[in-house]
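Only one structure is covered here, and it is reproduced in the block below.
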Ligand code: NAP
């Protein structure tokens, strides 16, 4: 940690990297709430510099508040300055954020970040550097914006055994699926509305493809199960194939479709515990608490052996809500600087293996278009029986264009068995197309 005189210790220098949606709100909080924050930290938080890419860009919530003289395009210089104690990284993406954080840590600065992409892929090296320098590395805002979930998992539940973390952690996809459910519109139309309203990016791939949720899932699973889980360990399916017909059928059956982040301990056939981390759209019973999380809101449900079920709910994105989380981390890191300590970092002692999606059991919803003639249902059912995938319910919907529609709900089956069944069903001459295969979650809740 940088050696400071008592005089400068009465101030904690903050180097802010990024002054966009979140950064400008963090700057506003630092300036507007300076007195209260100082009382909580035990020293004044002083903004020493703000790194941006373009000195002339519009400055959102911080316009007119941040002294333009603080702006710099030299982020690498800012993170090493002697008068900076804590670096707040709000640039996003992997490069140059990764190198800037490592540089800050090596220089003995504590770091606060909201960067899910980075922490889902490169946390090991960052924690190593933080541990070596005996400084803090906090990233509460990387998952579910304003909602405190990392610290509760890391600290409040440190004496319990977490079994499941399930949630809705992407506001864009939740907005789209909620609107499809309430309006009955098709995916493409709702996506367009979401883009017009600013709930979806011009390039929505990271959100609708499930990748943003997968990064957050990796972070949650790592902390919950004391095992290093990266985004590439997470099985990902997005929402782009969900149709109005899927949503309507789910509704008729008493479900709503949600993009879920799921991570849990599973026991394999060898009796060994593994971590399963996955993101996919699933049918959720309308009575489940996650079914009523609508619009751009996020929620995370944690199950632990002694605590039972805990639910965290709130705004998962947006400048001010995310800045609340960042400011909380900043106060914690600054207090530790004042007290001359750093808290323990990554905990990966359990080193559980990752379960493959084929080994995870679920109930399935399979919707298919078939020829409208006798005997089709029995030929389909016999394929399911051959693969030991037990059928719970079959619904035949009236004649539709090009044949009839069948919906099959299975009992619990392994992902591998279901995938083989679907492949074989698709080859049946009477089956025109298997249109959707979705899982059902929280059936027993
Ligand atoms: P943003 O609006 O795009 O802002 C990014 C900022 O970084 C801009 O001020 C930009 O400068 C600056 N920047 C980009 N490249 C830079 C470089 N090479 N050197 C110095 N500055 C650079 O991003 P954001 O939405 O605030 O997101 C910031 C972080 O918060 C990301 O990790 C994101 O995943 C996370 N997060 C965001 C939200 C949210 O609701 N937005 C929610 C949770 C977490 P210019 O202004 O000059 O272009």
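Cβ coordinates are placed from backbone N, Cα and C, and glycine is handled just like the others.
Mapped onto three states, the DSSP output places residue 22 (NADP(+) binding site) in helix. If you look up TrEMBL, you'll see 17, 18, 19, 20, 21, 22, 23, 24 marked as NADP(+) binding site.
TrEMBL lists 116 with the feature NADPH binding site. Taking all protein chains in view, 26 other C-beta atoms sit within 10 angstroms of the C-beta of residue 116 (NADPH binding site). Residue 116 (NADPH binding site) falls within a helical segment according to DSSP.
The L-homoserine binding site annotation in TrEMBL covers 201. Reduced to three states, the DSSP call for residue 201 (L-homoserine binding site) is coil.
Under the heading active site, proton donor, TrEMBL lists 216. Long-range C-beta contacts of residue 216 (active site, proton donor), restricted to its own chain and to partners at least six residues apart, with a cutoff below 8 Å, comprise 116, 120, 142, 143, 144, 169, 170, 261.
The domain 'ACT' annotation in TrEMBL covers 365-439.
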Cβ contacts of residue 22 (NADP(+) binding site) (under 8 Å, same chain, 6 or more positions away): 90, 114, 141, 319, 322, 323, 326
Among 18, 21, 22, 24, 201, 216, the recorded positions whose C-beta sits under 6 Å from ligand 1: 18, 21, 22
Structural state census, the domain 'ACT' (365-439) (DSSP three-state): 23 helix, 35 strand, 17 coil
Rounded Cα separation (Å) that holds between residue 17 (NADP(+) binding site) and residue 201 (L-homoserine binding site): 22
Chain-mates of 17, 18, 19, 20, 21, 22, 23, 24 with C-beta within 8 Å of site centroid, NADP(+): 16, 25, 26, 27, 60, 90, 91
Residue among binding-site residues 21, 24 with least C-beta crowding, 10 angstrom cut-off: 21
